[in-house]
Amino acid sequence: PERRDRFGRDRRSRSRSPADARMPRRRSRSPVRRQPAADDSDRYIPQYDREGGGSGDRDRYQSGGGSGGGRYGNRGYNGSRGARPPNRGGEGGGMYAGGGGDMMGGRAGGIPDPRTFEQVVPFKYFAEWLKSQESGRRLDQDEVRERYEDYRREALQRLYTQFFSEHKEDDWFTERFDPGRRESYMQHLATHKAGRLSEFMADLDAGKLDNITQTATTEQVMQHEIHRRDQSGYSRLGGGGDEEDDVAVRHTLFIRTVPPSVSRETLDKELRGLAGYKYLALSEPRQDKQYHRFGWVRFENGSDMDKALESLSNVNIDQFQFHFTRHTNSSAAAMRLAPDVASSDERVRHDLKLVREAVKSLDERTDPERFQSFDILQKKAKELSAAAGERTSSNGSNGSNGNSKTDNEDGEHGAEDGEDLHMTDVEKKDEEEGAADEVRGESSEVVGDIAAARRELDLMLEYLRRVHYYCYYCGHTADNAEDFSRRCAKLHLRRGLQAGRAPLPSGNWVRNLDNRNDVIIHPLEAERL
């Protein structure tokens with residue numbers, strides 16, 4: 001037994017190599033390179049020069065040459081609009097370098113010319129391409145950066161011109177940018193918002209907004225977390241929409257898609273003859289859906305919605321068949337929460353300054369005669385703060401300049417009334433510059449009790465949401481309640497900040513939010529453009 005292995009074989013007769021040389025040779029782990037025979041014509045032999053490569057390690061399946069370009073795989077340039085530049089290794093050594101013979105205007109075996117893409121390529125890609133064009137000449141970093149900025153300006157101008165040419169006839173485009181249509185559309189929006197303004201002011205006078213807050217309670221945070229795991233949890237905890245919203249949803253039909261070629265006026269004319277028809281609302285054009293829009297048809301309360309839906313079953317405009325369905329609550333989430341950094345004292349004062357500008361700007365652009373809400377909102381906020389014993393800022397627009405009695409504690413007051421008669425020319429000039437800064441929104445920070453600042457901020461945030469369909473913490477705005485509900489939740493609150501604790505890191509949330517809100521609050525006038 002000791003001479004046999006566990007398979008019953010004689011250990012002495014076993015050998016690592018065959019004992020008889022005449023036995024067939026065992027298979028090698030590394031096969032010997034096989035030389036192609038003369039008649040082996042069907043065997044694939046890489047020809048990188050023919051297939052667009054210049055290096056033996058390049059993917060043999062990449063596209064061939066030609067000015068038409070071609071596919072680089074599922075993550076690279078594919079010849080279609082909005083495609084990314086190629087992303088593969090090869091000659092040039094950069095992460096964006098790619099092969100191909102004279103592809104898209106690039107050198108043979110080099111990197112495609114970024115000026116042929118329908119997008120602006122990153123700086124790194126441009127630098128690698130520029131390096132490949134200079135035949136090894138060492139380039140200064142400042143020179144590369146300057147040439148990239150020139151390329152970027154030219155590319156953006158070309159893309160904007162192309163975008164304008166493609167969409168200048170679209171209904172949503174002329175509605176936004178044609179001076180005549182724009183004025184008519186803004187009047188339509190002002191009339192619609194006027195009703196919302198009346199409702200808001202009625203609630204304000206009735207005291208329904210006295211305790212309004214945009215800081216989430218512990219229970220609301222719990223509701224939010226449950227809703228994220230269970231879509232029905234929020235309604236079960238009593239956080240769903242109110243009765244008025246439910247009635248509006250029941251008397252609204254949804255249009256799945258409205259093509260850019262069909263104007264608002266044409267569709268409105270088609271719907272106007274229906275019994276109980278109230279208004280038509282359209283969403284922003286969706287870039288991912290070839291700039292088609294959603295639509296909502298609102299009817300008077302008590303209308304026969306089954307009959308209305310039957311009447312719209314065969315609506316065909318410009319050879320486009322419209323599809324209507326019952327509307328459901330389209331909010332992406334029942335509640336959203338901003339990071340707890342939004343509840344910090346510094347951020348509350350910063351947001352209040354911007355929100356004050358937002359109320360003035362949107363009121364002015366909507367209808368300066370009917371919309372003069374800033375003074376009313378601030379007066380109400382001061383009354384509520386005074387009743388609660390909170391010290392408010394004396395400056396009504398963008399904070400105090402530091403010379404108010406309320407700005408200093410323990411009776412240390414600044415300049416009294418009448419002292420400005422003895423101001424020097426330099427002091428007067430400084431005051432004038434400060435006033436100009438206030439107009440531009442560059443004044444000093446908001447002062448006063450943080451509780452008073454938070455109360456005023458919350459009241460103005462509610463006004464912007466209900467009247468102007470503007471969610472500050474989303475950085476989104478809409479033209480109607482239906483589209484606003486689709487883009488933002490019914491509640492968008494701040495997470496509370498625990499006392500004595502620093503806010504959690506928020507990444508780029510603060511910077512991105514400020515950038516989005518700046519475009520909404522400060523219109524892009526000619527000088528800024």
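Quick reminder: no glycine exception, Cβ is built from N, Cα and C everywhere.
Check TrEMBL against the ranges 220-241, 286-307 and you find region 'Disordered' recorded for 220-241.
Mapped onto DSSP helix, strand and coil, the domain 'RRM' (251-327) counts 18 helix, 29 strand, 30 coil. Each residue in the domain 'RRM' (251-327) has a pLDDT score, and their mean in this model is 93.
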